[in-house]
Amino acid sequence: MAMVQPKSQKWRLLATHLLMFTFIAMILFPLLMVITISLRPGNFATGSLIPENISWEHWKLALGYSVVSPDGRVTPPPFPVMLWLWNSVKVAFITAVGIVTLSTTCAYAFARMHFRGKSTLLKGMLIFQMFPAVLSLVALYALFDRLGEYVPFIGLNTHGGVIFAYLGGIALHVWTIKGYFETIDGSLEEAAALDGATPWQAFRMVLLPLSVPILAVVFILSFIGVITEVPVASLLLRDVNNYTLAVGMQQYLNPQNYLWGDFAAAAVLSALPITIVFLVAQRWLVSGLTAGGVKG
């Protein structure tokens, strides 16, 4: 026997689908516009959503190849986009690994150990994290200018300095991982201790394998945050060859010459590392959500 839905429920279902499709369109439209601009001849930001003529000149320049026009004029790549992309991936990956490592060990101490001032430290970390990084730019510049005199590889205009600056923003990740650790039954580590495991072995062989989903989330959030970060990187990096892609892309928007097509191609390239990392870590994210739903 077929079920008959009330008319009011049908309208609610229709409204839900309309809102969902509208939301998806709002997300996809800017992406389609950027892709269209990258495939449109010339460096124009306006035009039809579907280009009449498709040109690969902007993609060739972004990938480091020269473009030869019909009149024989050779246009070399204006900027080292692929080098910037490599710098972004390198800095983001090292930073994300460092953040996961530091956050995990700190979160373990706060979740499993008892010491004086723990609550004050946790609250203090959270309060300091609430202040935007822009407020500390002057202090960061002075700090890394002085550090560079003693330790050159973490001074100004170095990727080490940028990574070191990013590693300071772990407070929210510590809170996130700490909360996840507290949902794991401590009796598992106690059982490992009865079998002769040291606290470090229990942490490494019991707690960490059970925490892979949240570690994947922290890694992805850290990776995306570094890939898209501009203020700190633009302050500390001076040499064009040391730029990350997010910083270097500003060179396309010179007031005398806006290279919108080249900018759009570089913007699409900047999304590739984020997409790849998300696809690789997707199974851990899904398993984490599923496990959370089962455990309640």
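Glycine too: its Cβ is placed from the backbone N, Cα and C atoms.
Feature annotation from Swiss-Prot assigns topological domain 'Cytoplasmic' to 1-12 (among others); the stated evidence is sequence analysis.
Here Swiss-Prot flags 13-35 (among others) as transmembrane segment. Long-range contacts of the transmembrane segment (13-35) within the same chain, counting only residues at least 6 positions beyond its ends with a Cβ under 8 Å from a Cβ of the stretch, are 5, 49, 264, 267-268.
Residues or ranges marked as topological domain 'Periplasmic' by Swiss-Prot: 36-88 (among others).
Taken from Swiss-Prot, the feature domain 'ABC transmembrane type-1' applies to 85-281, supported by sequence analysis.
According to Swiss-Prot, the transmembrane segment annotation covers 89-111 (among others), on the basis of sequence analysis.
Cβ atoms under 8 Å from those of the topological domain 'Cytoplasmic' (112-123) belong to residues 174-175, 178, 181, 186, 189 of the same chain, restricted to positions at least 6 beyond its ends. Positions annotated as topological domain 'Cytoplasmic' by Swiss-Prot: 112-123 (among others).
Tertiary proximity for the transmembrane segment (124-143) is limited to same-chain residues at least six positions away from its ends with a CB under 8 Å from its CB atoms, namely 156, 165, 169, 171-172, 174-175, 231-232, 235-236. Annotation comment: Swiss-Prot describes 124-143 (among others) as transmembrane segment.
Long-range Cβ contacts of the topological domain 'Periplasmic' (144-152) within its own chain (Cβ-Cβ under 8 Å, at least 6 residues beyond either end) map to 158, 161, 164-165, 236. Per Swiss-Prot, topological domain 'Periplasmic' is recorded for 144-152 (among others), and the stated evidence type is sequence analysis.
Annotated transmembrane segment per Swiss-Prot: 153-175 (among others), in sequence order, evidence recorded as sequence analysis. Listed by sequence, the residues of this chain that lie at least six past the ends of the transmembrane segment (153-175) yet keep a Cβ under 8 A from its Cβ atoms are 87, 90-91, 94-95, 98-100, 102-103, 106-107, 110, 122, 125-126, 128-129, 133, 140-141, 144-145, 147, 218, 221-222, 225-226, 229, 232-233, 236-239, 242, 244.
For the topological domain 'Cytoplasmic' (176-205), the model's average pLDDT works out to 87. If you look up Swiss-Prot, you'll see 176-205 (among others) marked as topological domain 'Cytoplasmic', on the strength of sequence analysis.
For 206-228 (among others), the entry in Swiss-Prot reads transmembrane segment, with the evidence type sequence analysis.
Only residues 6 or more beyond the boundaries of the topological domain 'Periplasmic' (229-257), in the same chain, are considered here, and those with a CB under 8 A from a CB of the stretch are 78-81, 83-85, 87-88, 91, 133-134, 137, 140-141, 144, 156-159, 161-162, 165-166, 263, 266-267, 269-270. What Swiss-Prot lists as topological domain 'Periplasmic' is 229-257 (among others).
Within the chain carrying the transmembrane segment (258-280), a Cβ under 8 angstroms from the stretch's Cβ atoms is held by residues 34-35, 37-38, 40-45, 57-59, 61-62, 78-79, 81, 84-85, 88-89, 92, 219-220, 223-224, 227-228, 245-246, 248-249, 252, all 6 or more beyond its ends. Annotated transmembrane segment per Swiss-Prot: 258-280 (among others), in sequence order.
The topological domain 'Cytoplasmic' annotation in Swiss-Prot covers 281-296 (among others).
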